[in-house]
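As recorded in TrEMBL, the features of this protein are as follows:
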type	residues	note
REGION	A:1-42	region 'Disordered'
COMPBIAS	A:27-42	compositional bias 'Basic and acidic residues'
DOMAIN	A:27-253	domain 'Polyphosphate kinase-2-related'
2 protein chains.
Amino acid sequence: MSETNRVDFGFELSEVDPSSTPGFHGSKKDGEKALADEAKELSDQQERLFAASKGGSKRSVLLVLQAMDTAGKGGIVRHVVGQVDPQGTSLHAFKAPTEEERAHDFLWRVERQLPQPGMIGVFDRSHYEDVLIGRVRQLAPAAVIEERYEQIVEFERLVAESGTAIIKVMLHISREEQGERLLERLDRPDKHWKFNPGDIDERQYWDAYMEAYQIALTRTSTEQAPWHVIPANRKWYARLAVQRLLREALKGIDPQWPAADFDVDFEKARLAAS
Amino acid sequence: MSETNRVDFGFELSEVDPSSTPGFHGSKKDGEKALADEAKELSDQQERLFAASKGGSKRSVLLVLQAMDTAGKGGIVRHVVGQVDPQGTSLHAFKAPTEEERAHDFLWRVERQLPQPGMIGVFDRSHYEDVLIGRVRQLAPAAVIEERYEQIVEFERLVAESGTAIIKVMLHISREEQGERLLERLDRPDKHWKFNPGDIDERQYWDAYMEAYQIALTRTSTEQAPWHVIPANRKWYARLAVQRLLREALKGIDPQWPAADFDVDFEKARLAAS
């Protein structure tokens, strides 16, 4: 399923239909059932990843979530990442950088949030903001932004080589869908807290953002850290697609229960005598 | 249900039956169903707590989990805390203090992990270790430990007054039950990673631990930060009991959706024009 969303040579973001459900032919109801049905397996895989780290494995998973506002990053965390033991996940939402963060290289704050061995780390936004809003809103000189793509590729290569399986996801919604979701946040008092007037400001730059995504996706999708563009007009589909990417990454790691680092019979005897 | 577990004047830990299910008269199946049925309400309450903080509320929740090894702290996090949006929870497991931590007052590392407004914080072990293993294993002079009870009460009073609802839980298992659970960890290769030979060392001090708990529970159970001793030989019961404590705490806070801090009609007009 996920391979169909992967960014490879010749990829064109404009050709992806945000309402499509590539690789899945069922209904919304089927999709929701599949999401629920596969929760246990995902949870089991996560526990095994965590356990393996106690035996010395350095493997971990990093899920990078990027998207336009309202595309559903929060829903992915809640409904997919929320399916596994919270003790095995570490979440970090990257906001506009603080003064301290701006005093460092743009990757500094990212490096500090990388997942520990055994963990599934989730980035809600990431270092890609520095080539997305950074590019669209010209927050740095063009030449500086130009250098960042290569810096990101190099950084992610090191992260992957250290044992982290990197999954990069762009949740792709249409401009119309965003309009409807923003309107819902304005219509419903219980959604007002999710609305930020700045979201409408950024919406004016939609085409520039799509261009910045196209550039970032194609220049930083590598074998070790590929991008996946997931159509997200249908929330249920996007969640299922991310769940499957996580499951595939964990299957690739294939973590094993670690061997005992103690003498089982000796400890049984001590326990019996206690 | 939870009131029956609360530590008040005259409380005696030795009188609590770890296999009992105070306040709940159903079967294991009933209990598991109740836990699942109430997940949605807990999750809704959590979202409201989180939302309220965006409107300026300073309220948060802190769940402190203490227990002998194998009593089920991890299961509480997985099966109860795991019912809500991971973006609204912050977990911290306190291990033996590091050199840096030991260089500070025993509450220093705790204060740094307190939940932010809107969050449900969970402590897997806590500052109580400093009057539990600290007392049993004489990790500090008796006079120093003696002072800590009052320091804890004062610390928690300040935390509560700053807006944090504090729920302190001791999961109470019997020595026999611990023996069976440790044996299971030794019998099953997929559980070996959870076994630590040090657990058997601590088990030898069972009675001293129960005495240390009795002292800590009765000296630090206050109106603002009461202790609840939850019989935990039946895991399903302990989970249900903690879920209910969380729900009661959130009900007590009664968080409200925050009012819009923007002009809804104006933003709707901007959106329509965008």
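Yeah, the Cβs are placed from backbone N, Cα and C, and that goes for glycine too.
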Quick test of the contact rule: Cβ under 8 Å, at least six residues beyond the ends. What residues does that give for the compositional bias 'Basic and acidic residues' (A:27-42)?
21, 79-80, 83-84, 234, 236-237, 239-240, 243-244, 246-247, 250
DSSP residue counts for the compositional bias 'Basic and acidic residues' (A:27-42), split into helix, strand and coil:
14 helix, 0 strand, 2 coil
For the domain 'Polyphosphate kinase-2-related' (A:27-253), what is the mean per-residue pLDDT, to the nearest integer?
97
